[in-house]
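A.B. asks: Just lifted these from TrEMBL, have a look:
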- 29-40: compositional bias 'Low complexity' (COMPBIAS)
- 50-59: compositional bias 'Low complexity' (COMPBIAS)
- 145-281: domain 'Peptidase S54 rhomboid' (DOMAIN)
- 18-59: region 'Disordered' (REGION)
- 72-94: transmembrane segment (TRANSMEM)
- 154-175: transmembrane segment (TRANSMEM)
- 187-205: transmembrane segment (TRANSMEM)
- 211-232: transmembrane segment (TRANSMEM)
- 239-258: transmembrane segment (TRANSMEM)
- 264-282: transmembrane segment (TRANSMEM)
- 312-334: transmembrane segment (TRANSMEM)
Amino acid sequence: MGMDSGIQIKVMNHRKGDNVVHPVRPGHATSASQPSTSSPLPDGRRRQHQQGQTYRQGQQVQGLIEKPFKKWVPWLVPGFVLANIVVFVITMFINDCPKNSVSCVAGFLGRFSFQPFKENPLLGPSSSTLEKMGALEVSKVVHGHQAWRLLACIWLHAGVFHILANMLSLVFIGIRLEQEFGFVRIGLLYLIAGFGGSLLSSLFIQTGISVGASGALFGLLGSMLSELITNWTIYVNKLAALLTLILIIVINLAVGILPHVDNFAHIGGFLSGFLLGFVFLIRPQFGYVSQKDVPPGYIVPSRKPKHKPYQYVLWVISLILLIVGYIVGLVLLLRGVNMNDHCSWCHYMSCVPTSLWSCKSQQVYCESSQLGNQLNLTCISNGKSNIYALSDENSSQVQQLCSKLCS
């Protein structure tokens with residue numbers, strides 16, 4: 001899902017007189033009222049010429065010494081992009097369309113050719129190959145104890161169009177966030193939000209398979225909104241930045257109401273990222289001066305606290321909601337709970353039926369015969385058959401296998 005992240009956000013100038021830093025010399029009183037003049041040095045730094053002047057690298061701010069926010073060199077997000085591409089290439093190699101299908105798209109690519117458009121219009125592998133690679137399939141998570149699929153699925157993509165849209169979004173959003181906050185916080189945010197998207201998807205969409213990094217990407221988008229809120233005091237044009245960001249989020253979530261789009265993964269990733277932003281992306285308020293950044297011979301007569309009270313409150317509330325939400329979600333999932341049974345309207349959040357499309361799943365029927373723990377299924381609509389090993393007979397699991405066989 002493509003996302004536009006081109007939002008310019010400017011930082012407010014420091015208020016005059018906040019945390020004045022005074023030089024201390026024998027026989028001289030400290031003062032912050034003297035005028036300041038400075039001349040630029042070749043390296044862009046300002047030099048003091050008179051008593052009572054202060055400086056900071058790259059920008060002169062009268063009456064304040066403050067270390068500017070560190071700019072990180074992004075490498076993790078490009079690494080994520082490369083990893084997704086490598087996994088997709090490996091998936092296509094394992095898929096080997098010429099060996100498993102009668103006709104393939106772009107046959108000149110050999111075993112890297114794509115499944116027929118009728119089966120996969122996104123130019124990608126078959127659903128059975130995605131399942132082997134770790135696609136999110138609820139029956140395998142619940143009955144097969146394969147919870148690792150909740151994370152593995154965010155590295156898989158259904159086709160060229162799918163991975164292209166997601167990776168462009170990751171570059172536009174992720175690199176900027178990594179430059180501002182570093183690889184550790186953004187890396188954790190990406191993975192945890194992706195897990196949250198998979199978790200919510202599993203509770204509401206329990207047939208078929210789901211793949212894609214969209215949940216993690218919506219987590220990054222949600223974190224941008226919470227970062228703007230928690231660091232509200234350092235921004236100018238606050239309302240314009242907030243409305244622009246909300247518009248982008250609403251548009252991207254609205255696209256999720258189309259059929260065959262897992263909007264629950266988008267919503268789960270967004271909510272997770274929104275809460276994680278309050279935890280990971282908190283910044284010190286302007287006016288705060290760390291003692292280690294004060295040059296020798298200077299004193300800070302008054303110091304502001306590093307963070308405002310509302311930032312601490314949001315941090316605590318968000319962390320509690322995250323922990324409780326993830327624990328409750330995992331318990332419900334592993335117990336095999338279908339949240340659609342408790343929410344009759346929630347399915348509209350993922351697909352809204354219109355005159356142009358239907359959200360109802362096509363009914364599929366299979367003939368089945370079982371010998372011991374071997375279940376033989378044959379799809380009536382396409383004639384495909386397969387043998388599955390089942391430890392115990394479960395009608396829900398059999399229906400899911402039939403749906404996949406007939407897809």
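Including glycine, each Cβ sits where the backbone N, Cα and C put it.
Heads up, TrEMBL stuff is auto-annotated, nobody curated it.
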A.B. asks: Most CB pairs under 8 Å with the transmembrane segment (187-205): which of 154-175, 264-282, 312-334?
C.D. replies: 264-282
A.B. asks: Given the model, what does the mean pLDDT over the domain 'Peptidase S54 rhomboid' (145-281) come out as?
C.D. replies: 92
A.B. asks: Which residue counts does DSSP give the domain 'Peptidase S54 rhomboid' (145-281) for helix, strand and coil?
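C.D. replies: Final tally across the stretch: 107 helix, 2 strand, 28 coil.
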